[in-house]
Amino acid sequence: MKGAYTNPRFSLAMTVMLAMAAALVQAQGTRVGFYARTCPRAESIVRSAVQSHFRSNPNIAPGLLRMHFHDCFVQGCDASILIDGPNTEKTAPPNRLLRGYEVIDDAKTQLEAACPGVVSCADILTLAARDSVFLTRGINWAVPTGRRDGRVSLASDTTILPGFRESIDSQKQKFAAFGLNTQDLVALVGGHTIGTSACQLFSYRLYNFTNGGPDPTMNPAFVPQLQALCPQNGDGSSRIDLDTGSGNRFDTSFFANLRNGRGILGSDQKLWTDPSTRTFVQRFLGERGSRPLNFNVEFARSMVKMSNIGVKTGTNGEIRRICSAIN
């Protein structure tokens with residue numbers, strides 16, 4: 001894939017992203033090209049590791065993207081989600097089904113061999129999330145780096161993560177607490193265009209939701225299909241695509257499914273049923289009468305904003321030699 005990251009389709013978006021990233025992170029202490037002198041191959045090493053694992057298991061792409069999101073919302077983007085031990089973030093219910101830890105470990109091992117003690121686990125995870133989007137045919141963007149790793153990881157802190165039954169008002173409050181607005185919320189949840197969900201997270205919508213029937217916001221023609229995949233009292237760990245028909249490609253199909261009552265998670269479908277978020281779904285879809293927004297570009301913009309939540313730089317934090325253990 002040599003040269004893939006300079007695809008001309010994204011040249012304009014890259015220019016926008018570079019300018020936006022520089023302005024956004026000036027006060028954060030991170031910057032694009034942070035490792036240019038200290039570890040010039042840092043980004044290419046991470047990219048290579050993600051590509052290698054992706055070839056054998058494409059499911060690591062959505063796993064790494066979710067992992068980055070879950071990391072940033074708890075203690076900031078400091079790789080605290082990677083720390084092993086009893087009662088750490090990794091052990092909390094919202095994180096038990098995450099995938100891709102081995103990718104971060106692989107990249108870290110290679111980076112320690114090339115540039116010992118230089119590249120943080122927090123930056124590896126942030127870069128891997130970006131690379132995962134691009135590998136699933138989404139946009140590439142410039143990632144500001146220079147984060148340091150946190151030392152605190154508590155399962156109890158994960159209650160701040162939005163849940164799969166959460167109302168839009170509650171979701172907006174949680175995002176706003178980190179400086180993320182409603183458009184950011186819709187864009188970032190749009191990351192569900194890739195990946196899967198376990199039946200146990202949405203089967204409540206299929207059976208006895210109201211008056212013995214399914215969730216009325218679901219397309220009636222879609223319900224039997226989901227019931228066949230997730231039978232009542234069946235295996236709750238069975239997984240299905242969050243974006244039916246396009247679960248391996250980063251695109252706007254996820255939003256089209258919401259419009260058609262084919263959202264999987266209850267919290268996702270609410271993006272369409274709530275007027276305050278439906279407007280952005282319509283704009284990402286380019287519906288007539290709306291002011292169109294380019295989903296890929298806006299997703300990248302929101303990712304840069306999110307990836308600077310609670311960043312530790314300078315003398316704060318540490319550079320872990322092993323991502324799963326505090327030095």
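Placed from the backbone N, Cα and C atoms, the Cβ positions cover glycine too.
Predicted automatically and left uncurated, TrEMBL annotations should be read as such.
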* Candidates CYS39, CYS72, CYS77, CYS121 - disulfide partner of CYS115 as recorded in TrEMBL -> CYS39
* Structure fact -> Taken over the domain 'Plant heme peroxidase family profile' (29-327), the predicted model's pLDDT averages 97
* Long-range Cβ environment of CYS323 (disulfide bond), under 8 Å and at least 6 residues apart -> ALA79, LEU82, ILE104, ASP105, LYS108, CYS121, ILE124, ASP149
* Asked: Taking the centroid of the Cβ atoms of THR193, ASP243, ASP251 as the Ca(2+) 2 site, which other residues of that chain lie with their Cβ within 8 Å of it, listed in sequence order?
  -> GLY190, HIS192, ILE194, SER246, GLY247, ARG249, PHE250, THR252, SER253, PHE254, PHE255
* Structure fact -> Same-chain residues at least 6 positions away from VAL74 (Ca(2+) 1 binding site) with a Cβ under 8 Å from its Cβ, in sequence order, are SER80, ILE81, GLU89, ASP157, THR158, ILE160, LEU161
* Cα within 10 Å of ARG66 (site 'Transition state stabilizer') is the criterion; apply it to the binding-site residues GLY76, PRO162, HIS192, THR193, ASP251 and give the hits in sequence order. => HIS192
